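K.L.:
Supplied in structure tokens, the structure appears directly below.
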Amino acid sequence: MDIIIVGFGAIGKGIAKVLYDKKDYLKKNYEEFKVVAITDSSGAAIDEDGLDLLKAIEVKEKTGKIKNYPEKGREMSSIDVIKEVDADVVVEVTPSNLETGDPAKTHILESFKNKKHVVTANKGPLALCYKELIEEAKKHGVIFRHEASVGGAMPIINLAKETLAGNEILSIRGILNGTTNYILTKMEKEGLDFETALKEAKELGIAETDPTQDIEGLDTAAKIVILANSIMGMNKTIKDVKVKGISRITPEALFLANKRGYTIKLIGQIKDGYLIVEPMLVPIDSPLNVKGTLNVAMFETDLAKEVVVVGRGAGPIETASAILSDLIHIYNSTKK
């Protein structure tokens, strides 16, 4: 199976590393998963016989530009690569844009037009125009998978749509942002104020340099929109979510909650057609009371009742785990 990776930051490099590490396993159980092109904002590296993935990672880390890949590197836009390079699947992992969805939206739609399946970790297009993307994929007869867009390594979307097939999902609640969960955990355990806990999260690389989307709840809002649309058949956008972040939470509030048998968590919730992201009181003994950077999602269903999945919600290798699962699904659906 021939693959184009669009976007070669932390997640793109994570996919390359996982495909390299798993190459023997994939060849033995499926077939060779060959990366024939990698693009970033500088250009591309293209080899129809398959790029050397360790070399690609080394070039990117040393020079910052994939176009510097020896002999196979060139100045070429991602759109032109999608149009001109023969491949089965495009893995779209450019940074998420929650305002317009681009460039990822354009990359995905262009892939569909060129009869290429798509796997993405990109929240932007999914949170803004999910219905359009699904309809375009169907129109062009290609598969569109996006497990990695919510919850990193946690199999949330595929669990609900495949393992729980036949169940009606009545509600979804969860902690879907590791940065905010880490900050609240530090505030609770060590009595730190919000600013100190945020500073520590930045120093450890857990929080982004600009953590606004995380701490204001926008990242979680995008994720629950994706879950509402993909699992519960809604047609929501990020504008439909009532959002409140964690910046006003104090260690005193956490202390008082603890005294009463509760903690405070940033919860994303889909229930009765409403989408909410806000700090909520969670019982200490609740499955939703996970610590540190862990994520958790709880489904309320008509048949299986409550189903809970917990896991690492971020990280290049964890996200690559979900992308690999989607790639294998596409192989099983098209190549067998």
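Every residue, even glycine, has its Cβ placed from backbone N, Cα and C.
Feature annotation from Swiss-Prot assigns NADPH binding site to Phe8, Ile11, Thr94, Lys123, Gly315; the stated evidence is similarity to another entry. Per Swiss-Prot, NAD(+) binding site is recorded for Ala10, Ile11, Thr94, Gly315. The annotation NADP(+) binding site is assigned in Swiss-Prot to Ile11, Thr94, Lys123, Gly205, Glu208, Gly315 on the grounds of similarity to another entry. Positions annotated as Na(+) binding site by Swiss-Prot, on the basis of similarity to another entry: Glu147, Val150, Gly152. Swiss-Prot lists Glu208, Asp219 with the feature L-homoserine binding site, giving similarity to another entry as the kind of evidence. If you look up Swiss-Prot, you'll see Lys223 marked as active site, proton donor.
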K.L.:
According to DSSP, which kind of secondary structure is Ala10 (NAD(+) binding site) found in, if we only use helix, strand and coil?
P.N.:
helix
K.L.:
Given the binding-site residues Ala10, Ile11, which one is most crowded in terms of C-beta atoms within 10 angstroms?
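P.N.:
Neighbour-count leader: Ile11.
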K.L.:
Cα-Cα, whole number of Å: Gly315 (NADPH binding site) versus Asp219 (L-homoserine binding site)?
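P.N.:
If we compare the Cα positions of Gly315 (NADPH binding site) and Asp219 (L-homoserine binding site), the gap is 15 Å.
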K.L.:
Between the Cα atoms of Val150 (Na(+) binding site) and Phe8 (NADPH binding site), find the distance and write it as a whole number of Å.
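P.N.:
One finds 19 Å between the Cα atoms of these residues.
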K.L.:
To the nearest whole angstrom, state the Cα distance for the pair Asp219 (L-homoserine binding site) and Lys123 (NADPH binding site).
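P.N.:
Lys123 (NADPH binding site) has its Cα 8 Å from the Cα of Asp219 (L-homoserine binding site).
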K.L.:
Which chain neighbours of the Na(+) site, leaving out Glu147, Val150, Gly152, have a Cβ atom within 8 Å of the mean position of the site's Cβ atoms?
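P.N.:
Sorted by sequence, the hits are Ala121, His146, Ala148, Ser149, Gly151, Ala153, Met154, Pro155, Ile156, Ile157, Gly313, Thr319, Ala322.
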K.L.:
Return one of helix, strand or coil for Glu147 (Na(+) binding site), based on DSSP.
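P.N.:
Looking at the DSSP assignment, Glu147 (Na(+) binding site) belongs to a helix.
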K.L.:
In whole Å, how far is Glu147 (Na(+) binding site) from Ile11 (NADPH binding site) when you measure between their Cα atoms?
P.N.:
14
K.L.:
Between the binding-site residues Glu147, Glu208, Asp219, where is the Cβ count within 10 Å the lowest?
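P.N.:
It is Glu208 that, of the binding-site residues Glu147, Glu208, Asp219, has the fewest other Cβ atoms within 10 Å.
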